[in-house]
Every structure is written in C-alpha cells, then in structure tokens.
Amino acid sequence: MAGDVVLWFICFFAVASLLGILVYQLMCLSDLEFDYINPFDTAKRINKVIEPEFVIHAGMTVLLLLCGVWLMFIINLPLLYLHARLYLRRQHLVDVTEIFNQLDYEKTYRLLKLGFYLVLLLVVIYRCSILLITPQFLIEIAIENCCYTCCISKDDSSSSE
C-alpha cells in the first residue's frame with residue numbers, strides 16, 4: 001500500500017514537471033510570435049528541453065508498466081510512441097529556418113499535449129487522494145504509529161529502571 005502512494009507521488013511530480021516544460025515551450029513560441037525573441041533563441045530554448053520531456057514521460061510510462069498500472073500505461077502509450085517515432089526520425093527538434101512557417105502547427109501540437117498532461121494530472125491527483133483516504137491506508141498508519149509509540153514507551157520504562 002505504501003508503495004502505491006510512492007508510485008503516485010512520483011507520477012505527480014513527473015506530470016507536474018512535464019506541464020512546466022510544456023508551458024515553457026508555449027511561452028517561447030508566444031514570445032516568438034510577438035517578436036520578443038528571435039527564432040534562433042526560441043529554437044535553442046525549446047530544443048534544450050525536448051529531450052528531458054521525452055525522458056521523463058518515458059520513465060513514468062515504464063514505471064507504470066513495471067508497477068502493473070495497466071490502464072494508465074495504455075493511456076500513455078500513444079504519446080510515448082509518438083515521442084519515439086519523432087526521435088528516431090530526427091523530427092523532434094525545432095528547425096530555426098522553418099519555425100515561422102510551422103508556428104501554428106507547433107503551438108497546436110503543444111496545446112494538445114498540454115491538454116493530455118492536464119487530464120493526466122487530474123487522474124494522478126485523484127488516484128493519490130483516493131489512496132490516501134482509503135481506510136486500509138489509514139489503518140496501516142495507525143498501526144505503525146501505535147507500534148512506534150509502544151516501542152518508545154518500552155524503551156523509556158526500561159531505561160528508567
């Protein structure tokens with residue numbers, strides 16, 4: 001039971017970091033659209049965080065597979081396949097010379113991923129909160145606390161004698 005809590009907290013932090021990376025990419029594209037930064041800087045900033053995004057998502061998906069959370073694994077599988085296909089075809093990086101031509105596509109692609117990650121975050125928060133509220137988990141915490149206080153009181157009484 002405690003392993004499940006750790007799994008969902010790891011997933012929570014992974015999805016939160018994925019959301020942060022994606023919002024950063026969208027901000028860079030918006031800055032480029034309004035001419036606040038040049039195309040070279042935009043491409044450099046976005047390309048720097050694409051591979052960490054792929055690695056975090058792949059790691060979370062593999063963790064879900066290893067822990068036997070099949071539904072969440074299957075939900076993440078299409079995006080993992082897309083990331084792998086883009087990476088293997090060397091199409092995952094933003095091209096400096098084509099960034100203005102592909103600006104609408106890049107923003108739409110990232111907004112769709114943002115929606116996916118937001119839904120994923122809601123599911124992870126729901127699973128984590130349900131797991132923490134279940135009576136079995138609360139009983140385990142109470143037993144651990146009781147054993148801990150009993151051990152302390154036995155140690156205190158034996159040391160005072």
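A Cβ is built for glycine as well, from the same backbone N, Cα and C atoms used for every other residue.
Note: TrEMBL annotation is automatic and uncurated.
Counting only same-chain residues 6+ beyond the ends of the transmembrane segment (6-24), those with a CB under 8 A from a CB of the stretch are 45, 49, 52-53, 56-57, 59-60, 63-64, 67, 69, 72, 110, 113-114, 117-118, 120-121, 124-125, 127-128, 131. The transmembrane segment annotation in TrEMBL covers 6-24 (among others).
Remote same-chain residues near the transmembrane segment (54-81) are listed as 3-4, 7, 10-11, 14-15, 17-18, 21, 87, 92, 113, 116, 120, 123 (criterion: CB distance under 8 Å, separation of at least six residues from the stretch ends). The transmembrane segment annotation in TrEMBL covers 54-81 (among others).
What TrEMBL lists as transmembrane segment is 114-133 (among others).
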